[in-house]
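**Q** The feature transmembrane segment is assigned by Swiss-Prot to 70-93, 156-179, 195-219, 291-309, 346-369, 385-411, 433-455, 531-549, 589-610, 664-686, 724-744, with sequence analysis given as support. Taken from Swiss-Prot, the feature [4Fe-4S] cluster binding site applies to C573, C582. The chlorophyll a' binding site annotation in Swiss-Prot covers H675, and the record cites sequence analysis as its basis. Taken from Swiss-Prot, the feature phylloquinone binding site covers W692.
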Amino acid sequence: MIIRSPEPEVKILVDRDPVKTSFEEWARPGHFSRTIAKGPDTTTWIWNLHADAHDFDSHTSDLEEISRKVFSAHFGQLSIIFLWLSGMYFHGARFSNYEAWLSDPTHIGPSAQVVWPIVGQEILNGDVGGGFRGIQITSGFFQIWRASGITSELQLYCTAIGALVFAALMLFAGWFHYHKAAPKLAWFQDVESMLNHHLAGLLGLGSLSWAGHQVHVSLPINQFLNAGVDPKEIPLPHEFILNRDLLAQLYPSFAEGATPFFTLNWSKYADFLTFRGGLDPVTGGLWLTDIAHHHLAIAILFLIAGHMYRTNWGIGHGLKDILEAHKGPFTGQGHKGLYEILTTSWHAQLSLNLAMLGSLTIVVAHHMYSMPPYPYLATDYGTQLSLFTHHMWIGGFLIVGAAAHAAIFMVRDYDPTTRYNDLLDRVLRHRDAIISHLNWACIFLGFHSFGLYIHNDTMSALGRPQDMFSDTAIQLQPVFAQWIQNTHALAPGATAPGATASTSLTWGGGDLVAVGGKVALLPIPLGTADFLVHHIHAFTIHVTVLILLKGVLFARSSRLIPDKANLGFRFPCDGPGRGGTCQVSAWDHVFLGLFWMYNAISVVIFHFSWKMQSDVWGSVSDQGVVTHITGGNFAQSSITINGWLRDFLWAQASQVIQSYGSSLSAYGLFFLGAHFVWAFSLMFLFSGRGYWQELIESIVWAHNKLKVAPATQPRALSIIQGRAVGVTHYLLGGIATTWAFFLARIIAVG
């Protein structure tokens, strides 16, 4: 008799054919909800359809089904992203001056859009240099393409087609994993496996393959481009990959192959994996050899991290154990119970991820200018300004989204009966202390930061410059920030003796880097003006946090409405006959938070735009004399409110206001139109629902009189719908106005 060890049971992780594919179902608007599927009685129907189409919680309470819908939707999202990327690459291939730009990136502007001559619109095709007429783009795609080693428009075509194939693949995957093989709930909740795959697969192998691409393709091609070789003469990527001798001519260590790696003689590879610091003086970007080295190191770290968590083999960390082992002196049972929250509430999980990703996006915004990663990015001022602004806005929206989903978690997924005395419960029990302290901090910051400006405006108006807070009178130097700058400027000598420069030129100490007579980067001086505006940043950020955090902590109950949880995430008032309870829902806090997020980000991008034009960007003469775009006026002008209005907003708006009849005229029209969109929002924000319902009823009366009344009854927007339309147009109008103002200005003077 043969004794066999018991066969390990294979877990079945998917359900086959759980939901049948039905085009009839898809074609029926509102098929996900019994009420909406009946069709419209009133115009409110179309709003409810939009509000609930993606609110999977409202379709079903089955967590597995919700998880599958979210998972499937992610593939749809990826499909759209690939489609968009394909379009970008196609524009580069078909409508751009990429090859011309590649041959002379300092004198030719990037353009990938040529306007057709319909009713005179061809005026928008400005001269970007090299005899090409088109719209100047500020997305940074040209710089990324050069860094990846793309040398021809044919390569862009091929990539665009590849992205289309991937878009189709993702669309198929979204259908397949919902209708054909849908994962079980246990699969979605297997966090250790998910961590291993995401860390080792996405981040580890992703970074490794990018490092490999850089070493074998980007570095040699960029080496040739920097030396002024014609792109058409440079060997193609596959020649570098297949022919080691080609690479060995540029990087001698390639001749030795993998021997140094296995004999641990790694320093041999220092010719293409460097640790220099600072910027490449030819391109004004980070050294690409530094970037390749960085991605290799990151890949190793994440490949190790992707083998740390316990899955099939019973070794490694369990996330639940790690969380529950965390106990501070004041936190009682510590993180006990958090694991269950994060594996059963996707809103809680999403909230954390949005907060982290939002913060990371803002970190990216600040690194794109201080450590410009791509060749010729630093001297393309329009792109620099656009990338900073874009990443700041995105980060702001993601962080507000984090608060929104935290509040939805509190209302829909939080179970107070099982959550006694865990960390979240302890936070909720002293929420009054948290919010009142935060409120005090906001009042303090608001009065003091604004007060410093008001003082300066008053002294300036009275003709008493010696009594102002400024670098030339009463100094308020940002000493801590200056200390951090100096520490980082001096750091390489002590901590990285092999590096030739510090991580960023902005820290100070180093010389400036100029490319083609334009400043790429130089040490950024900080003074009283920065100290003042920094405290406005502190103020606006704290108010945003106050509003959002109050919305989360009081989402389920408050002294005013103890049973708020029963009213849901969004409600206009606590019923008729209970005055003073309107606009207190968690949704309303997100609504208000969006306005303060807009304030906060606006001040940041204004600060950045003016500071860079005043103290960094400009031209360099043959003698090495730097002339900044606004001649260093930030330090003395931005210390009064009047200075911001006169020397920044008004002075720099001249380009967009006077753009008519030039290739920048579209920005003038957008500037005007976006102001209108913004003003349109006020109509929704300042007037009540009753006004519109009354107006509608008299219009309906006229229609009935003429016997042209529709079957669907018109209804005024609900209070919440009105506020949603209002905030959307407020933000859209404000952001588009700022975009037009920034770009018309920087394309004209940069």
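Every residue, even glycine, has its Cβ placed from backbone N, Cα and C.
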**Q** Sequence-remote contacts (6 or more beyond its ends) of the transmembrane segment (195-219), Cβ cut-off under 8 Å?
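**A** Sequence-remote neighbours of the transmembrane segment (195-219) are 147-149, 237, 240-241, 247, 250-251, 272-273, 288-289, 291-292, 295-296, 298-299, 302-303, 305-309, 311, 319.
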**Q** Hey, which bits of the same chain come close to the transmembrane segment (156-179), Cβ under 8 Å, at least six residues off its ends?
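**A** Hits for the transmembrane segment (156-179): 17-21, 68-69, 71-76, 78-80, 82-83, 85-87, 89-90, 92-94, 98, 145, 150.
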**Q** Between the Cα atoms of C582 ([4Fe-4S] cluster binding site) and H675 (chlorophyll a' binding site), what distance do you get, rounded to the nearest Å?
**A** 30
**Q** What residues elsewhere in the chain lie close to the transmembrane segment (531-549), defined as a C-beta under 8 angstroms and at least 6 residues from its ends?
**A** 399-400, 403, 434-435, 438-439, 441-442, 445-446, 448-450, 452-453, 456, 469, 476-478, 481, 589-590, 592-593, 596-597, 599-600, 603-604, 607, 638-639
**Q** Could you measure between C573 ([4Fe-4S] cluster binding site) and the residue listed as 'phylloquinone binding site' for me? Cα positions, answer in whole angstrom.
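**A** If we compare the Cα positions of C573 ([4Fe-4S] cluster binding site) and the residue listed as 'phylloquinone binding site', the gap is 19 Å.
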**Q** If you count every Cβ pair below 8 Å, which range out of 70-93, 291-309, 433-455, 589-610, 664-686 shares the most with the transmembrane segment (385-411)?
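**A** Out of the listed stretches, 589-610 contacts the transmembrane segment (385-411) most.
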**Q** Taking the transmembrane segment (724-744) as the reference, which of 70-93, 291-309, 433-455, 589-610, 664-686 gives the largest number of Cβ pairs under 8 angstroms?
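**A** Stretch with the highest Cβ contact count: 664-686.
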**Q** Expressed to the nearest Å, what is the distance separating the residue listed as 'phylloquinone binding site' and H675 (chlorophyll a' binding site) at their Cα atoms?
**A** 23
**Q** When you measure from the Cβ of C582 ([4Fe-4S] cluster binding site), how many other Cβ atoms are you left with inside 10 Å?
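**A** The answer is 13.
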**Q** State the residues, same chain only, that lie 6 or more residues beyond the ends of the transmembrane segment (70-93) and have a CB under 8 A from a CB inside it; answer 'none' if no residue qualifies.
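**A** 54, 56, 112-113, 139, 141-142, 145, 153-154, 156-157, 159-161, 163-164, 166-168, 170-171, 173-175, 177-178, 183, 188, 346.
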**Q** For H675 (chlorophyll a' binding site), write down the residues of its own chain that are at least 6 apart in sequence and whose Cβ falls under 8 Å from its Cβ; none is a fine answer.
**A** G733, T737
**Q** Within the same chain, where does the transmembrane segment (589-610) have neighbours whose Cβ lies under 8 angstroms from its own Cβ atoms, ignoring anything closer than 6 residues to its ends? I mean 6 or more beyond.
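**A** Residues 369, 385, 388-389, 392-393, 396-397, 399-400, 403-404, 407, 530, 533, 536-537, 540-541, 543-544, 547-548, 550-552, 630, 634, 638, 644, 648, 652, 723-724, 727, 730-731, 734, 738, 742, 746 contact the transmembrane segment (589-610) from elsewhere in the chain.
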**Q** Six or more residues out from either end of the transmembrane segment (433-455), which same-chain residues have a Cβ under 8 Å from its Cβ atoms?
**A** 427, 468-469, 476, 532, 535-536, 538-539, 542-543, 545-546, 549-550, 553-554, 639-641
**Q** Go through the chain and flag residues at least 6 beyond the ends of the transmembrane segment (664-686) whose CB is under 8 A from any CB in it; none is fine as an answer.
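**A** Sequence-distant neighbours of the transmembrane segment (664-686): 123-124, 126, 135, 655-658, 717, 722-723, 725-730, 732-737, 739-741, 743-744, 747-748.
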